[in-house]
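Report on the structure given below.
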């Protein structure tokens with residue numbers, strides 16, 4: 001009796017996908033799971049030729065620098081250094097720092113939910129590719145979390161080693177109030 005029930009339940013929890021792929025319909029509404037799938041995908045949905053043209057990277061967030069000390073609450077991050085030298089690392093939940101100098105061809109993974117950073121330590125610009133294991137990694141930048149909001153200065157002062165003048169200066173630069 002147990003074996004037939006187990007067999008039926010194994011089909012209920014199958015890990016196979018309902019489709020081979022899902023190309024997000026960026027013109028449609030965004031739901032809790034993200035964009036719905038396009039009805040018809042084309043070859044252009046799987047390729048991008050803009051990188052062969054200087055200046056065309058479709059950089060939607062206009063990123064030109066990498067802010068230090070951030071975390072991804074919903075994904076791990078993988079970095080691949082293509083050019084230059086980066087010093088990169090993360091801080092574990094027991095406050096141990098794992099850091100290393102990365103050169104061309106080196107990769108490093110930053111576990112989900114841990115503070116991490118990359119700093120260009122070379123004499124030239126560096127180039128790196130970053131990948132997440134989630135479509136929505138949940139990026140939170142530490143400086144923005146502390147200083148771009150209306151959290152009262154005395155609360156931040158009481159929970160950090162910063163004095164009120166330093167906090168107000170940082171809030172002024174980053175657009176926070178309070």
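Every residue number used here counts from 1 along the chain in the order it is shown.
Glycine residues also receive a Cβ, built from the backbone N, Cα and C atoms like all the rest.
Note that TrEMBL annotation is computational and uncurated.
What TrEMBL says about this one:
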type: BINDING; residues: 77, 116; note: Mn(2+) binding site
type: BINDING; residues: 77; note: oxalate binding site
type: DISULFID; residues: 22-37; note: disulfide bond
type: DOMAIN; residues: 39-168; note: domain 'Cupin type-1'
type: SIGNAL; residues: 1-18; note: signal peptide
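When the Cα atoms are compared, residue 37 (disulfide bond) and residue 77 (Mn(2+) binding site) turn out to be 25 Å apart.
In the domain 'Cupin type-1' (39-168), the DSSP tally of helix, strand and coil residues is 25 helix, 40 strand, 65 coil. Calculated from their C-alpha atoms, the gap between residue 22 (disulfide bond) and residue 116 (Mn(2+) binding site) amounts to 30 Å. Using a 10 Å Cβ-Cβ cutoff, residue 116 (Mn(2+) binding site) registers 23 neighbours. There are 16 other Cβ atoms within 10 Å of the Cβ belonging to residue 22 (disulfide bond).
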